[in-house]
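As written in TrEMBL, here are the features:
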| type | residues | note |
| --- | --- | --- |
| DOMAIN | B:23-560 | domain 'Cytochrome oxidase subunit I profile' |
| TRANSMEM | B:40-62 | transmembrane segment |
| TRANSMEM | B:82-110 | transmembrane segment |
| TRANSMEM | B:130-154 | transmembrane segment |
| TRANSMEM | B:174-200 | transmembrane segment |
| TRANSMEM | B:212-242 | transmembrane segment |
| TRANSMEM | B:275-296 | transmembrane segment |
| TRANSMEM | B:308-328 | transmembrane segment |
| TRANSMEM | B:340-364 | transmembrane segment |
| TRANSMEM | B:376-399 | transmembrane segment |
| TRANSMEM | B:411-434 | transmembrane segment |
| TRANSMEM | B:454-473 | transmembrane segment |
| TRANSMEM | B:499-520 | transmembrane segment |
Amino acid sequence: MSAILIFLALVTAVAGWWLARQRLMSKPWLEAGPVNAFPETEASLLHPAKLGLGVFLAVVGALFALFISAYFMRMVYADWQAAPMPRLLWLNTGMLLLASVALQCAVVAAHKGQVDNLRLALLVGALTSVAFLGGQLLAWRDLAAGGYFAAENPAVSFFYLITAMHGLHIIGGLLVLGRTNVRAWRGERPAKLTLTTELCAMYWHVLLVVWLVLFAVLAGWAADFVDICRQLLS
Amino acid sequence: MVDVTPHGADLIPPAEVGEMELYHPHSWWTKYVFSQDAKVIAIQYSGTALAIGLVALVLSWLMRLQLGFPGTFDFITPEAYYQFMTMHGMIMVIYLLTALFLGGFGNYLIPLMVGARDMVFPYVNMLSYWIYLLAVLVLVASFFAPGGPTGAGWTLYPPQAILSGTPGGTGPGIILMLVSLILFIIGFTMGGLNYVVTVLQGRTRGMTLMRLPLTVWGIFTATVMALLAFPALFVACVMMLFDRAIGSSFFMPAIVEMGEQSPHNGGSPIMFQHLFWFFGHPEVYIVALPAFGIVSDLISTHARKNIFGYRMMVWAIVGIGALSFVVWAHHMYVSGMHPYFGFFFATTTLIIAVPTAIKVYNWVLTLWRGDIHLTIPMLFALAFIVTFVNGGLTGLFLGNVVVDVPLSDTMFVVAHFHMVMGVAPIMVVFGAVYHWYPKMTGRMLNEWMGRFHFWVTFIGAYLIFFPMHYVGLVGVPRRYPELGDTAFIPPSVHTLNEFITVAALTVGFAQLVFLFNLFWSIRHGKEAGDNPWRATTLEWQTAGTPPPHGNFGKELPVVYRWAYDYSVPGAAEDFIAQNDPGPATQGGPA
Ligand code: HEM
Ligand SMILES: [Cu+2]
């Protein structure tokens, strides 16, 4: 369970940092009267949707940290045989990276009010993401063609399970990104699209990081890395 | 220096909210069925949770009938007993208590108490309820599936959960259970995002975090915990579904079943236990923290006294929330772990007792020399404290590895967890319903039916669960449909079992009175007015009762003080509402 505990430690650190700034030491029973601090609720200035997405991404992070924890727990048993990594995964990773970069460009374009750039960037982001998903499917087919089916060996089962979970999250994001695209191409003003573009970009960046970590875990580098650390420590 | 950008200023809730900002329903369907108003969603959540909870209650009667009078009822076979037990436990913990505290009370109280018009994402909030309903329906469907629902115990431990020896294990029973849980978690996450972000961003002017009523603190912290803990159950369910449906071996070791080699190989059942309890222990506090919060407010309001140690209460809630993520393995003392791990988890478990004890002291000190009104909510709050202390003490026993090992899997454990996480939270649920029903309907619940309900439930619960501790100490194991002729079990156990069954049926009957009261009082209850308990918090200061769509009339309230200004010396009344500028502001802002 180390992966999830590390993740939780991170979440706790953020929560603790935030709590530390919330005047938890104040004595509310002595402080009647209006609050003068600005803003008056002491709420942060983030848009609620951004905060909401942030919280959701923390949940997503916990989910994948738990899958990784399970992966490491299961790995030590005798029947574990690492699965071969389809070479295609590299290409897919590139696609997802492109999608992330494109969406970042879209954010810049939206802020600058450049309609054409915004449309283009949003479209590229969506298409590269679809390409990523298609590539993942092909990678599955490669594996299956090599005789590695989901029930064969736990490492392979994990590969299918974890990539499927990640893919589902991308599909969910594509629903929103698709809608943003439609709105942009129908001629909505960039200013109105800024928020949703920013949300998409944030989501894609995190899913990219999640994918990089998952890739490292599934390919076995993460385990090697842990081993090296262990040897250095002992 | 605070950076005052115009961009940020837009986001502070303005005192005047234009008509356009709020979502307005246009038809009967969007007003009462597919509603995006948190108050309606809250009632939908509560109604569904109570309905499925009634099923769990009936299941507990059936189990008690079997335990009290073994062999009398032909249709309660051992398989049926396991199915009843599993469904009873699962429904009570997840589909009733979690849904009711967070989906029900959370939805109703958070926007009202923080002074918001509604949740921040009303549409997602509506989806949350409908997915929850779907989860409940899938769960109910498993009762009618061939082979019946799963009988694996509410912990669903593999490998037995998906083998043919367990009822529903090779049929659709277990699949429906897992799918239902997965749906529940998805639905809950949608609601949970709303609760968290509304507390963080939806507060009205002047409502700082330290002015929030403890109810909101409890529900908020529990929601954060649930958002982080439920994914563990999600992962466990998905992987078990894989094992069951396509024959993978995440959890399933190689097994020869009925002389046949199963397709599984080398999986780790212990891994499931880790995942399950990583969710399961925080789950106890997900149910307990809202109860803690609500009880604090009930006590303060009905004893007309400010809560003792408000800051400490907040810190304790947050502290318990954080600590409860590092104690899960105390449920696994008997699954063969390294003794040092056992020691670590025993220590963290006992440390949690400290903030919990602080809370109990603070409740008692709040009561101390208070002007205690023995209203029905107060009675239930007092019953909660007593019961919680009781269950907490036996919990200290079980938190020690040496004591837990012999008592593990006896009726002592059953009695313990029913005290802490069965009876105690249910008492708070009842207290809260009696407290807030007048706000939800505009009428009081009938007093005499309420008192009858309280006394029968309170005394009855002790008559059920006290003897059960003894039955467990004698060595009666849990999860056994009957004892047969077992040498070490004295006849007194059989008499007690009959007694417990009679008590359980009586308590069950009292709940029907409660349900009747809920419906009867909608029309016949006494008119409540806007603030029948003369309470300080914002939900009692709404424009009309029940609160209209948008909660607070034209202007959002401005908050000037914390939630516990009761019996302030020199004040005109014995309470000062949170949005009352009061005399304190005359000398300028504090
Ligand atoms: C009138 C009230 C209740 C009665 C009479 C009752 C009775 C029972 C009985 C007889 C069992 C089976 C014990 C065994 O054979 O191992 C049981 C199990 C259980 N009950 Fe209750 N119960 C009640 C209320 C509750 C509540 C409110 C909760 C909510 C937390 C709850 C949670 C559980 C759980 C988690 C189990 C364990 C199921 C398992 O072993 O898998 N019960 N209950
Ligand atoms: Cu626990």
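Placed from the backbone N, Cα and C atoms, the Cβ positions cover glycine too.
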Paired segments the transmembrane segment (B:130-154) and the transmembrane segment (B:340-364) in contact, 3+ CB pairs under 8 A: no
Other parts of the chain folded back onto the transmembrane segment (B:340-364), taken as Cβ under 8 Å at six or more residues beyond its ends: 292, 295-296, 299, 307-309, 312-313, 315-316, 319-320, 323-324, 326-330, 333, 385, 388-389, 392, 395-396, 399-401
Region pair the transmembrane segment (B:411-434) / the transmembrane segment (B:40-62), three or more CB pairs under 8 Å: no
Mean of the pLDDT scores, which run from 0 to 100, over the domain 'Cytochrome oxidase subunit I profile' (B:23-560): 92
